Amino acid sequence: KTLFFSGLTAMEKKLAEYKCNTNEAIQLKLVRFPEDLEDENTTFNPEYSHQVFGDDEVAFGYKGLKIILYYIAGNLSTLFRIEYTSKVNEKFDCVEADDVESKIREIIPPGFCANTDDFVSLLEKEVNFKPFGMLLHTYSIHNEEAGEDITYQIYKADMTCPGFREYHERLQTFLMWFIETASFIDVDDERWNYFLVFEKYNKDGATLFATVGYMTVYNYYVYPDKTRPRVSQMLILPPFQGEGHGAQLLETVHRYYMSSPTVLDITAEDPSENYVKLRDFVLVKLCQDLLCFSPVKLMQGFSQEMVTEAQQKLKINKQHTRRVYEILRLRATNMGDAEQSRSYRLDVKRRLIGPYKKKQRELAKMRRCLRPEEMTNQLNQIDLNLQREQLEESFQQLVSDYRRVLERLAQA
């Protein structure tokens, strides 16, 4: 027995050497110049690879595995190749290396380059690439490193734009690596709108465009003659994150729909925490000058007037308007003043306690149909002190999130 086990661990040890973390193995690049290919500073890695390689994000069967996925910065033509220092062979009993190539081929469209020379020759044609669709907004951001302002543009595109369908197929592959629950959308459904961000850059005296990020929005039909656009996916590519492009994109999309009389309001599908923080910032920025959010009115509490004005003028729904109100009221409140701070705390907690109240109503219903001993078990689950603690914790967390929004607003 002992012999068998020690034999197994030796085998296991040997096999363990052939496991690679796929988040590290996958190397992504957005290439503008041939020298970017050799420059390690331009390489970035996925945050997630579980949708392609399983929950443990491991590829088995290789040592020194590199999965190379390089994209030309503008039109996203792709170079895909796999490198490794060694691979398991038949000497290992019944052990086979993962078919890494076919897993990647499932998510990247056909027509990619398999060698660097082909890729570099495509790079020379990049000067012909132009953004798709209709220009909605131009803005510039000062870049410390380059010591100059860089210009960005946001376009609205659709599947009728020549070449856009193929470009979108390449673009959406990034979702798999950076959005935890990403899925590809049905591009034949005409209700999708696509909003794209590009950077303008110079190369040998010509102006070229690089892909920065994008957003997809689905237009839901609302009876009888309205639509409710719902943000589905939003991604700013890693080299551009933290520069304010997300806020520019979201605000531009809001402004685009604001001008449409048939749009009811704008929502989002299963928003992440980061998206909610971004949305708070953008909506507060849009709302702060509305008359219904004047400091005097904020102090009088949340009102129907706020709901109506935010929806009619800015296409913001009631739930999001309530958050905007709480953030702006925090700004107008002197939290050092005991009376003002107490009033603010009660106002927010009254909203937060909603779900608890619902639970209590459900308990009251149960009380009528359960035997007393069954009831105590149910009741023990909701201890009032615990409820108070949770409520206070939620409130403190919310206020700290709100303060960050206000800090960002003060700098904008």
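Just so it is clear, glycine is given a Cβ too, placed from its N, Cα and C backbone atoms.
Keep in mind that this is a model prediction, so the values were computed, not measured.
Quick look at what TrEMBL annotates:
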ACT_SITE  Glu269  active site, proton donor/acceptor
DOMAIN    18-180  domain 'Histone acetyl transferase HAT1 N-terminal'
DOMAIN    279-330  domain 'Histone acetyltransferase type B catalytic subunit C-terminal'
SITE      Trp192  site 'Interaction with histone H4 N-terminus'
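Other C-beta atoms found within 10 angstroms of the C-beta of Trp192 (site 'Interaction with histone H4 N-terminus') number 17, with every protein chain shown included. The residue listed as 'active site, proton donor/acceptor' is surrounded by 11 other CB atoms, counting those within 10 A of its CB over all protein chains shown. Shown for the domain 'Histone acetyltransferase type B catalytic subunit C-terminal' (279-330): DSSP residue counts in helix, strand and coil, namely 41 helix, 1 strand, 10 coil. For the domain 'Histone acetyltransferase type B catalytic subunit C-terminal' (279-330), the model's average pLDDT works out to 96. Cα spacing between Glu269 (active site, proton donor/acceptor) and Trp192 (site 'Interaction with histone H4 N-terminus'): 14 Å, rounded to the nearest whole number.
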